[in-house]
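Only one structure is covered here, and it is reproduced in the block below.
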Amino acid sequence: LSSSSSSSSFLDTSTVIALTVFFALLCASIIIGHLLEENRWANESITALLLGLCCGVVVLLISKFQSSRLLVFSEDLFFLYLLPPIIFNAGFQVKKKQFFKNFTTILLFGVVGTVISFCLISLGAYLLFKRIGVTSLDIQDYLAVGAILSATDSVCTLQVLNQDETPLLYSIVFGEGVVNDATSIVLFNAVQSLDISNIDLLTALKLLGTFLYLFFTSTALGIAAGLISAYIIKTLYFGRHSTDREVALMMLMAYLSYMLAELLNLSGILTIFFCGIVMSHYTWHNVTESSRVTTKHAFATISFIAETFIFLYIGMDALDIDKWRSSKASPGTSIAVSSTLFALVLVGRAAFVFPIANITNCIKKRPSTKIELWKQFIIWWAGLMRGAVTIALSYNQFANSDKTLTEDSALMITSTIIFVLFSTVVFGSITKLLIEAVLLRNAKPANSDATDIPSLDDLQILFLENGDPSDQGGSNEPARRKGSLSLLISNPTSTVHYFWRKFDDKFMRPVFGGRGFVPFVPSSPTGAAD
């Protein structure tokens, strides 16, 4: 007896039960996900979500509809432990050439697009909610709804799109997802600290200034963390003693960059994403061959477990009976609010995807880099999914405030949960099929988007042609001098890439290492980080 009481004194039984259930469900969703691998409808996130829902129902029945809470949805757990490994791995595995080739488009979608979406959703919520019967929300709540619903779900997007089959679409949708998450969190925090009684043009400019400051400082911090880790591992050469230390240092430096960003009130998502990109470019090449294989798979595995955990968590938390009881709304009102949110998200996303894509198409000269209408449609569709960031922000706004949980606040949380479940299950399952159908119809353009990029050799030839005096007469002297500048204007992305490679080879790699640093040539994993 004494032994059992002493064992329970430092371990809370309910926590142990909750974790046991969660790990059993994680195993189950991985096994079911494997069995459904060939299935065109299902993916891992939907499997985990539905399993979480089923488990929530079972707990509800066991507790006789008293509570379905095994674990309370905690923003700390989500933002501090589950999100960082997912975003870091995405940066670590992303195809850098493709990502930076579309960097301007990604920034336009992720920043300008999110702001347009935020304005439209806030305005729509303000005009429509009172008609449905939601009356107790103030201006700050409406603005918060705009910020909450502007956050797309980059986790689910990762599982639906394939980096190898549709590189252009993947880099745009995923890159936009990361920048968008960061933007909507910045917007949300700005709304929280906004003085509603005194809004003018200066406030908007301050908001823009804050955002630019956060964007650049967060990115710089991530790049700095990646470069420091590369320099330490290159100069100290850990691999001669212990490969475990190399792997541990990479993981801890990446996590440290995220925590530092949060400590300094910057955007941890952007910081750890760029840290992942820099680490895959420099640090990864500085470690021993066995560490390369280990890090590549370890990061992917941790990220995968965190993704599955998030969807299980959302599924189980959706049936939190207290929230549903507090809202006291009829099913009709709940559906009306959820449908309104859904319509606002559809319109808000369409309002920026199609115009911005067409504006970038006017600027781009090469047909292969243009975003055709079918690609625009998939970008619009894939970004309609909402996930854990949306739920975490809505809890923060409506459940964690000092005031008690009002009926309308509870209604907003339950409507957000309905919307997240619906969008993940419905859009997540249809997107795969949609992409397959569209790819079949547009097979040729899809295959050409990776092959039309001018290689470095082509660029060097262009440089030579522009600067070779034997080709041109003396009258063309000024035009020849402007060769590299005109090339930069006509073909900016490739030219910047060319100059970056020269700068990288001459200045960065001697200091920070990178490809070709380790004396022996690694065999299998080298192709991963191009």
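Counting begins at 1 with the first residue displayed.
For all residues, glycine too, the Cβ spot is worked out from N, Cα and C.
In TrEMBL this protein carries:
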- 42-435: domain 'Cation/H+ exchanger transmembrane' (DOMAIN)
- 16-36: transmembrane segment (TRANSMEM)
- 48-65: transmembrane segment (TRANSMEM)
- 77-94: transmembrane segment (TRANSMEM)
- 106-129: transmembrane segment (TRANSMEM)
- 168-191: transmembrane segment (TRANSMEM)
- 211-233: transmembrane segment (TRANSMEM)
- 297-315: transmembrane segment (TRANSMEM)
- 335-357: transmembrane segment (TRANSMEM)
- 378-398: transmembrane segment (TRANSMEM)
- 410-435: transmembrane segment (TRANSMEM)
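Same-chain residues lying 6 or more positions outside the transmembrane segment (48-65) and placing a CB less than 8 Å from one of its CB atoms are 21, 25, 28-29, 32-33, 308-309, 311-319, 321, 421, 424-425. For the transmembrane segment (378-398), the residues of the chain that approach it from at least six positions outside its boundaries are 73, 75, 78-79, 82-83, 109, 141, 144, 147-149, 151-153, 155-157, 160-161, 169, 172-173, 176-177, 180-181, 184-185, 188, 310-311, 313-314, 317, 345-346, 349-350, 353-354, 357, 371, 405, 409-410, 412-413, 416-417, 419-420, 423-424, 427-428, 431, 434-435, 438, judged by C-beta separation under 8 angstroms. The stretch in 16-36, 106-129, 211-233, 297-315, 410-435 that contributes the largest number of Cβ pairs under 8 Å to the transmembrane segment (335-357) is 106-129. Long-range contacts of the transmembrane segment (211-233) within the same chain: residues 111, 182-183, 186-187, 190, 246, 249-250, 253-254, 256-257, 260-261, 264, 266-268, 270-279, 281-283, 286-287, 511-514, each at least 6 residues beyond the stretch ends and with a Cβ under 8 Å from a Cβ of the stretch. Residues of the same chain lying 6 or more positions beyond the ends of the transmembrane segment (168-191) and with a Cβ under 8 Å from any Cβ of it are 87, 90-91, 94-95, 98-99, 101-103, 105-107, 109-111, 113-115, 118, 140, 143-144, 146-148, 150-154, 157-158, 161-162, 207, 210-211, 214-215, 218, 267, 269-270, 273, 371, 375, 378-379, 382-383, 389, 393, 396-397, 435, 449-450.
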